[in-house]
């Protein structure tokens with residue numbers, strides 16, 4: 001019986017217990033913890049350097065009020081990268097291919113940026129709904145369009161991350177299936193296809209890291225509008 005390609009995105013369970021909680025908690029177990037020594041090992045030094053560089057780059061356009069989000073953004077970035085990278089290993093499950101999980105990250109964080117804007121500077125936050133110099137007949141239409149675009153933001157965040165990872169996993173599985181089918185029939189074509197599969201895997205590793213960065217970067221841009 002042919003197994004559906006989409007079965008890899010089904011949330012696994014054991015004795016009726018969903019294992020997505022273990023897949024989400026596993027990255028935190030793998031992170032190296034800093035020691036009380038003055039000199040850290042190379043892995044912790046590299047991790048600290050990466051987080052510092054990412055935080056400085058992300059918070060550069062934000063004012064002082066937005067720097068309170070540094071710990072949250074850095075933690076979310078490392079968490080998403082780790083989950084996406086672990087999902088590329090064989091016989092693993094990628095939680096970020098589930099739209100529910102991505103929306104669970106996107107909606108509360110987006111809503112927090114909107115609430116901060118409405119609380120701290122309501123006039124500026126509402127001013128984003130109507131560009132300056134808009135003709136009077138177009139004011140109602142533009143307000144409706146900008147309001148819809150505001151509420152679509154969290155949906156775009158979750159769907160973008162889900163679609164990119166799902167498409168990459170599906171493409172890798174399709175090409176890998178083609179390699180196994182072509183190997184006994186046309187070995188030369190199978191070797192060329194395997195080369196394409198290797199290059200696609202490298203591309204998917206880059207996509208897993210870039211999509212995590214884009215997710216957090218867009219959240220920082222939404223925060224920038226409201227602080």
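Each residue, glycine too, has its Cβ placed from N, Cα and C.
Noted in TrEMBL for the protein shown:
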type	residues	note
TRANSMEM	12-31	transmembrane segment
TRANSMEM	69-89	transmembrane segment
TRANSMEM	101-118	transmembrane segment
TRANSMEM	138-159	transmembrane segment
TRANSMEM	171-199	transmembrane segment
TRANSMEM	205-223	transmembrane segment
Among 12-31, 69-89, 101-118, 138-159, 171-199, the most Cβ pairs under 8 Å with the transmembrane segment (205-223) come from 69-89
For the transmembrane segment (101-118), name the stretch out of 12-31, 69-89, 138-159, 171-199 with the most CB-CB pairs under 8 Å. 138-159
Let me spell it out: take the transmembrane segment (12-31), skip the flanking residues so only those 6+ beyond its ends count, and list any with a Cβ under 8 Å from a Cβ in it. 47, 78-79, 82-83, 86, 92-95, 98, 101
